[in-house]
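Before we start, here is the structure in question, set down as structure tokens.
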């Protein structure tokens, strides 16, 4: 039976810990007092430096704006104030402490994750000589991995999160066939996974809406701050010890101020509407991840990923109407419908040409900075490359999202309820094909297929993966196999139209392949878990 919901991930930035109402009132009053003092001292400079702040009537969101804004500078509280406040309220948690807690938990979670993966691989492929099944993996995860994490963290939510993370990343069939390696990770990039537990105290995620602010309470309860600071480590402002008895969970304030300024906040569909429904309790979350920011300027920030089940949007599609999507180089995406003349194609492969330019620019920067930017570490030397990579990733994601929306609109307009796509997993193993090498090098086809598949499933359209064998050589009219029409022939003749040797049927090569893919007689291939 098909599910009526689809799992979606919402990404929000953690602003700061949210304490009791009394502590929050003291902090807000102190910020307002300092803002008034700064306003009286700098009356002449306020209009020039804080014009945006005064127009928007809200506080700055980016770090550049905060550094240039006198209001934000004045509202920034120092360590002396927090030390004094910590003496009055010992249970209060502030940003420096919560950041250190996240860092310690992230490091220990990554260690358990890597250790469990290595031991699981050893038990199956070294000791067991490759003889294992899904039940034995589940037995190891329940008995060894979960027990080890629960003993270390004294937290069932993190232990269950690590177990599910290892289970999803440990692909037994791919490891047996040597299609992939062991998916170990670094502690800087590893998230802190938490799974909602049933029963008991402080086991779930309590989400509340206080003065239109998104507040989530999560069961982190096992760390507390030592009063004594180690004299041998004066650079560390806080030192932590692990306690056996879990105190109250930590409340976190999530960033929604920038989203509230957008027009989408007042709409009933979209990401902003889903965030509002989570805040109001309409959508429930059972899995979250705390992760360090990955973009430039967000390395010191912490992000929270919430997994929610969103109901599918009913567009009145017909499952008996079958469509097909062909992936190519000259035309990146071509859509066709079985026994129909409607078609849709994205003719200009902007992403392919953009990636080629990015690779060329990357080579120029590497050659240019070979003897420059030296003496300050690899991070400083490769900073231009990192900036270029992030720009290209943002462009790629936006372009793929636009293509996915256009394809979804085409199939919804034609009431298509089933879409067949090529299973391109075999392209990982074929190194002798020029087409495969070219496609993998400049075009993230897997990411594009996943995005299109997710977008179509949102509207209740079923996805079927079919084998890509001879879809470009077969005539969509008579079914004759034209062996001459291979990729070398198409490349030599500058990607000509397809012409059948038997019935002289002539059509665009990518559209002919899309028609073959939309054939309901093709056998579906199930992807390996």
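A Cβ is built for glycine as well, from the same backbone N, Cα and C atoms used for every other residue.
Remember, it's a predicted structure, so these values are computed and weren't measured experimentally.
Pulled these features from Swiss-Prot for this protein:
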| type | residues | note |
| --- | --- | --- |
| REGION | 1-95 | region 'Zinc finger domain (ZF)' |
| REGION | 96-192 | region 'Recognition domain (REC)' |
| REGION | 322-473 | region 'RuvC-I' |
| ACT_SITE | 326 | active site |
| ACT_SITE | 422 | active site |
| ACT_SITE | 490 | active site |
| ACT_SITE | 510 | active site |
In whole Å, note down how far the CA of residue 326 (active site) lies from the CA of residue 490 (active site).
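Computed Cα spacing between residue 490 (active site) and residue 326 (active site) is 16 Å.
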Please list, for the region 'Recognition domain (REC)' (96-192), how many residues fall into helix, strand and coil according to DSSP.
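The breakdown for the region 'Recognition domain (REC)' (96-192) reads 71 helix, 1 strand, 25 coil.
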Where's the emptiest Cβ shell within 10 Å among the active-site residues 326, 422, 490, 510?
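Comparing Cβ neighbour counts within 10 Å for the active-site residues 326, 422, 490, 510 gives 490.
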How many Å lie between the Cα of residue 510 (active site) and the Cα of residue 422 (active site)?
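Residue 510 (active site) to residue 422 (active site), Cα-Cα distance: 13 Å.
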Express the distance between the Cα positions of residue 326 (active site) and residue 422 (active site) as a whole number of Å.
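That comes out at 7 Å between the alpha carbons.
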What does DSSP assign residue 326 (active site), in three states?
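It is in a strand.
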